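To start, the structure under review is shown below, and the notes come after it.
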Amino acid sequence: MASNSALLMKTIFLVLIFVSFAISPATSTAPEECGSESANPCVNKAKALPLKVIAIFVILIASMIGVGAPLFSRNVSFLQPDGNIFTIIKCFASGIILGTGFMHVLPDSFEMLSSICLEENPWHKFPFSGFLAMLSGLITLAIDSMATSLYTSKNAVGIMPHGHGHGHGPANDVTLPIKEDDSSNAQLLRYRVIAMVLELGIIVHSVVIGLSLGATSDTCTIKGLIAALCFHQMFEGMGLGGCILQAEYTNMKKFVMAFFFAVTTPFGIALGIALSTVYQDNSPKALITVGLLNACSAGLLIYMALVDLLAAEFMGPKLQGSIKMQFKCLIAALLGCGGMSIIAKWA
């Protein structure tokens, strides 16, 4: 079921890509610099190339550290998944994901889809970024809800013979063990849906920012951008790694999910380098494609951070039973959001 949900989200993103390329900018009245080489004196492809190659390996290592740290936390006594420290770290990582959606991905989408390089009609007459982010959040909600309910219904059918078909009786003393087990399985499924959908949104965003870095040749800003992206990927990986850990996948699946997260930004950088002769980040088609993808990623990340991560944690029995823990986790979430807000100055 979780794999079907991820497949649906991938299909939606692919449809958006095809739609963006189907929209023709042929009659554009954009300035001449749109889709052409920049006149910025800082642009130097020969000097930028070694920096971008270094960025591939540095960001790869930072991503591996970020996503791998939570996965190895079971081997550290004070970082057990049921402990207070791990809960605080999860809230910090959730704040990072929320900050990524609000401070990085969504503003980029607004900037791209309102660029002067795009036609006045329709791009400047309708807030496509906000609309698609909202739609993406609702679609994520639908997938999250339907995947859980379908699993619950399927599991309920499987235990009907033991319940003798009496779904309206108050025989809690007989069905309680089954219900607890069913609830545990449903929660595990939710963790798995969360991990897969969150990984999808992060991967799309990571490829996009990697592509942008690989295509740029601005030596005045590239060093700061690389440093910011290292912190960005490491902290974002912590959030994803925590979700993968809770999903209780097999070691092989954990490795595969961590691997794909770690390599997506370096892959995007390599792709940007390879396409740097033909890809122009200010061309209409590039702006539309990346802008639409960023809007969808933003809606997904914001929903996942607020609903499936922060709200689920704060409304759970652990935090509801301790005002002190609520305060600590709130501070951690604010620090995560604040950190990503600071990084937004450079990336």
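Counting starts with 1 at the first residue shown.
Glycine residues also receive a Cβ, built from the backbone N, Cα and C atoms like all the rest.
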Swiss-Prot: matching membrane side for Leu189 and Met252: yes
Region pair the transmembrane segment (255-275) / the transmembrane segment (85-105), three or more CB pairs under 8 Å: no
Winner by Cβ pairs under 8 Å against the transmembrane segment (225-245), considering only 53-73, 126-146, 193-213, 287-307, 327-347: 53-73
Distal contacts, the transmembrane segment (53-73) - CB-CB under 8 A, six or more residues away: 79-81, 86, 89, 93, 210, 213, 222, 226, 229-231, 233-238, 240-242, 244-245, 254, 258, 261-263, 265-266, 269-270, 273
